[in-house]
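What follows is a single structure, written as structure tokens, with notes after it.
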Amino acid sequence: MSKAFKLTSKFKPSGDQPQAIEKLVAGLEDGLAYQTLLGVTGSGKTFTIANAIEKVQRPTLILEPNKTLAAQFYAEMREFFPENAVEYFVSYYDYYQPEAYVPSSDTYIEKDASINDHIEQMRLSATKAITERHDTIIIATVSAIYGLGDPDSYLKMLLHLTRGDQIDQRKILQRLAELQYTRNDLELRRATYRVNGDIIDIYPADSEREAVRVELFDDEVENLSYFDPLTGEMLRRVPRITVYPKTHYVTPREKLLSTLDQIKIELKERLSQLEKANKLVERQRLEQRTKFDMEMILELGYCSGIENYSRYLSGRNEGEPPPTLIDYLPKDALLIIDESHVTIPQLGGMYRGDRARKETLVEYGFRLPSALDNRPLRFDEFEKLAPQTIFISATPGPYEEKQSDQVVELLVRPTGLIDPEIEVRPVATQVDDLLSEIKKRAAQNERVLVTTLTKRMAEDLTEYFTEHNVRVRYLHSDIDTVERVEIIRDLRLGVFDMLVGINLLREGLDIPEVSLVAILDADKEGFLRSERSLIQTMGRAARNVHGKAILYADRITDSMKRAMEEAERRRIAQSAYNEKHHITPKSIQKAVTEIIEGARTYTERGRFVNQAQLIAEEEAKYIAMTPKQLAKELRKLEEQMYHHARNLEFEEAAAVRDKIQHIRKGLLEVKE
């Protein structure tokens, strides 16, 4: 039996949170299809949603606009629900080049991808959890609306073993091969198995740290246990186990054979069409490619690009929506769309771009027309499939405003902080005025965010402030997610005082140390200076008691006027609440941690420890060393760094390099 959702937190709902939780829960119980949680920055939206989930006790899918925010939400939910299944479902590609054809230059681009093994495991773990447990929360990106294997076929392929079962060893090995597991007697890795006499060791595709041991005696399952694949230590015996497939795209043999029959029929029709149109090159190309795929499917059960035949594999008719993560959800599931003003347009835009690329592939004989049904959901299909929904945003978009049966406001922060004071200053002196403001904030150990309209302006501004001895960094779209997280962490740690950006200083950027947000050229009406953009950007200063937003403008646009009026409305409500309850505002205190994997790291024994705790322990270890021991340790770390570099493991090499620099810079000073 599944556990109940159990929220673990040292905080109790306060401010506007109790009434918001009550209204959301009442709305869900009354059967409202759509609700909006309009929550200002720092009001505890995540905590409010966590409380609502605990009260309604329903499995939940949370959609985020990007991987960074998904990782942040995942970390927080794992802290709130340590006893429940909190899962992470994002795109597993580190690099993805879709299959495409450019007719103008007659260039065919083959699909090329690099799959992140760890994220693939987390995706499989997510679908396993939602099929086995009611107490599941999945944090996902728009990857959730892309085609996934058919849930019915996937669940039919499960391998169930119970202690005492009569089963031939060869039958188990055959079933593992059907699940696309490979035999590897030398090294036990994810989605592999090894055989040693009557013992079969299986490393499940969805497992991160545990493998399964099946002990047979005379065609009878004598023992089933979980063990540590690294140390071989037995962890626990169990009466039964279920082994899940290596991929979501596995299909029972009989369905594969019927799929091949359907592909043959479609191929024959399409070849005839191409011949009549005198497209002989396309005809020959399509026949050769499709027959090769069919041969692979017949022999191995899969082929490269098998998802292009997903219409037949999942038994759908032409034009029907593909099976997605939403199809794996139980009927009583709850959907939460975070930063909905960004996520909703994303959900609507995925289908069209995918369709245009595939139509070209079909037209020029690279794919059968049925490949068009390997696609993300259209927005109207998503709406039909979506369970009861809660939108979360500080600035809901027109869709949420139109659809919502109820808007629940979360204006008051538990810390008593009020929205930043807003000031409008002239554009003519904006750079010099900003320079004096930055120096004031830096002297108080506070940080500044500056947003510009163009890349050129951001670069020039960064250069100018650097010349005037301001510690400044520039955040732009070419910086990848990991580096972006590092820059934000360095800003919080005080490595520099000012961060310049264009459109990157908005949703979900959680930096309590920021006391000033400066918006240059605020009167240039447009996407970057719309009412929503201004409210989101100004909100970045709302986590600090000295929070202030300066808008540099020569006139007040309609967007500025509406944004300032909304901010003033919120300030009045917040001040009135503070006065009534005698609350003195105080800045949010938040430790600087790594966000992916919930600020957790594995020790060699496979147990979770806090990242900050590990760093503190390491520092204490180095401080206790003699100079000779320290020199030896540094040499060892340098060897480790070069070893990683030689193996092209550049991220690991960079991490060791940073560690060496940290020891030399900080700990040697302590020695002196």
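Cβ atoms are placed via backbone N, Cα and C, with glycine included.
Segment annotation: Swiss-Prot labels motif 'Beta-hairpin' over residues 92-115 (candidates 20-43, 92-115, 476-499). Long-range neighbours of the motif 'Beta-hairpin' (92-115) within the same chain, counting only residues 6 or more positions beyond its ends whose Cβ lies under 8 Å from a Cβ of the stretch, are 123, 304-305, 357, 360-361, 364, 366-367.
Predicted-model confidence for the domain 'Helicase C-terminal' (430-592) is 86, expressed as mean pLDDT. Looking at GLY39, THR41, GLY42, SER43, THR46, the binding-site residues in this record, the fewest other C-beta atoms within 10 angstroms of the C-beta turn up around THR46. Classification of GLY39 (ATP binding site) by DSSP places it within a strand. A 10 Å cutoff on Cβ-Cβ distances gives LYS45 (ATP binding site) a total of 23 other Cβ atoms nearby, all chains included. Residue density at GLY44 (ATP binding site): 24 other Cβ atoms are found within 10 A of its Cβ, drawing on all protein chains shown. Annotated ATP site GLY39, VAL40, THR41, GLY42, SER43, GLY44, LYS45, THR46; additional same-chain residues within 8 Å of its Cβ mean position, judged by their own Cβ, are THR48, ALA394, LEU410, ARG413.
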